[in-house]
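Here's what TrEMBL has on this protein:
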DOMAIN    470-520  domain 'Cationic amino acid transporter C-terminal'
TRANSMEM  80-104  transmembrane segment
TRANSMEM  116-141  transmembrane segment
TRANSMEM  147-169  transmembrane segment
TRANSMEM  190-214  transmembrane segment
TRANSMEM  234-256  transmembrane segment
TRANSMEM  284-302  transmembrane segment
TRANSMEM  308-330  transmembrane segment
TRANSMEM  405-425  transmembrane segment
TRANSMEM  431-455  transmembrane segment
TRANSMEM  467-491  transmembrane segment
TRANSMEM  497-515  transmembrane segment
Amino acid sequence: MLSLLVVAPLLEVPTIIHTSVLEKGSFYLPSVAWLIGWALVLEYTIGGSAVARGISPNLALFFGGQDSLPWILARHQLPWFGIIIDPCAAALVCVVTVLLCMGIKESSFAQGVVTVLNAFVMIFVIVAGSYIGFQIGWVGYKDSDGYFPYGVNGMLAGSATVFFAYIGFDTVASTAEEVRNPQRDLPLGIGVALAICCALYMAVSVVIVGLVPYFAMDPDTPISSAFAKHGMQWAMYVVTTGAVLALCSNLMGSLLPQPRILMAMARDGLLPSFFSDVNKQTQVPVKSTIVTGICAAALAFTMDVSQLAGMVSVGTLLAFTVVAVSILILRYVPPDEVPLPPSLQESFRLNQECDEERDRALLGVGNCTLSQTKDVIVVVESVKDPLIDIPLHKGKMDETKRRKIASLSIGSVCIGVLILTSSASATWLPFLPICIGCIIGVVLLLAGLSLLSWIDQDAGRHSFGHSGGFTCPFVPVLPVLCILINTYLLINLGGDTWMRVGIWLLMGVLLYIFYGRTHSSLTDVVYVPVAQADEMYRSSSGYVS
């Protein structure tokens, strides 16, 4: 159920946030936007590799065991490096990559068929497993250590590790350019798919854990081996077929958005233009897809699932956390100005010149700038009504104060969440420091949340960017809960995982400093007020992603 809180804010803010919103005026904000895009690259590439590593154990069941697999498909250990290579996983990634290069319609149709078959297999697991469970008395829940042997921290640590199972939902947002009505279809598709899959995941988990104690499960084929242990060999083959189909479907879902993310970043100038090339026949970024497939195949060939899973979860949770923080920023302190794409800059310049000429003609002013013309208008209006300046000045001061309070409140929430989750996870500390840290974190968190609930949201929040579409409910409570849960899950991931992810993020920072920042399309961009930009977006015929 935590996934519903974690993913729900994603429906309002697309996963691919145009970096221009964050790139204005500083080095820190664009680096944050870039790092999140870089984390998504990590998420999808390694996510596909982790899924592919599960194909060999399931295929081995059809051949009678792991030792019965053909040599070309079996796993082998390199003696000098201590690495277990998996040729079958790499081959599966290559096959899926070729399918994705054929086009979005073909790959979507194949994925749809595989997903429907997989759903029927999961329903079979729930029904047949429940029948066996009632026959044997649910022995898995009669463990001597109790139902909750590792407590809340153990449960959440496990949730953080397997969270990459939910990366397929935010991939829908990366296909916005290929959807007819993205404002309606994307939120609806993400929400319905999340609800159905969450229910199926929980039902299968309840059944399988009840059939076999958690410590006795086969880590490679837990569902198939659970049926085999109770004498249902024929069911094992049905479940194994479903597992193979599920791996193929998940692999397509992991590799599908990656080329589109690279394409979006290349369009912004943050990556070489090589990644933004789209094939004219298939309308697919084939070059980016091939590069993604090669990288994913190499990782699946050499790295273990346990190493890959934690890294995927870090990328996923980081992206979801920033999305939740972005919800609060866009609702309470949205940018006053946004950049125009190059396609609209010429139209804006012409409109500005026409408005300047019209104002000069009305006032009879020959040689003056537009700002001077506006000053004349303000002076004339003030002479007509000397009190007009007072309410405008007061309203501006009130809005400035509100935005300042909102900014401090969002900062208080983030700092409080970090202190609270760090203290609650530091079980190696004495009890008193843990309590003090938790109390400080709770006070900061509740103070920021109370202020955000008390003050008004920004009046222009609905006109920021494109109007319409889904809006996140229960703001600010739901985004704050999302931030709290995500941060706690991130902290509970292992130190080795953070070290590997840290190296990846450092590579991203260096790439941004030496290439992305100097080649960004926003170096000579035109910034306009939000309302004016929104009007120009609506009047333009093209769609801007």
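Glycine residues also receive a Cβ, built from the backbone N, Cα and C atoms like all the rest.
Among the listed stretches 116-141, 234-256, 405-425, 497-515, the one sharing the most Cβ pairs under 8 Å with the transmembrane segment (431-455) is 405-425. When each of 190-214, 234-256, 467-491, 497-515 is checked for Cβ pairs under 8 Å to the transmembrane segment (308-330), 467-491 comes out on top. Across the domain 'Cationic amino acid transporter C-terminal' (470-520), DSSP assigns 40 helix, 0 strand, 11 coil. Looking at which of 190-214, 234-256, 405-425 has the most CB pairs under 8 Å to the transmembrane segment (467-491), the answer is the stretch 405-425.
Outside the transmembrane segment (234-256), and at least 6 residues removed from its termini, the chain residues within Cβ reach (under 8 Å) are 44-45, 47-48, 51-52, 54-55, 58-59, 61-62, 92-93, 96-97, 99-100, 107, 110-111, 114-115, 117-118, 120-122, 124-125, 128, 167-168, 171, 174-175, 221, 223-225, 227-228, 289, 292-293, 296.
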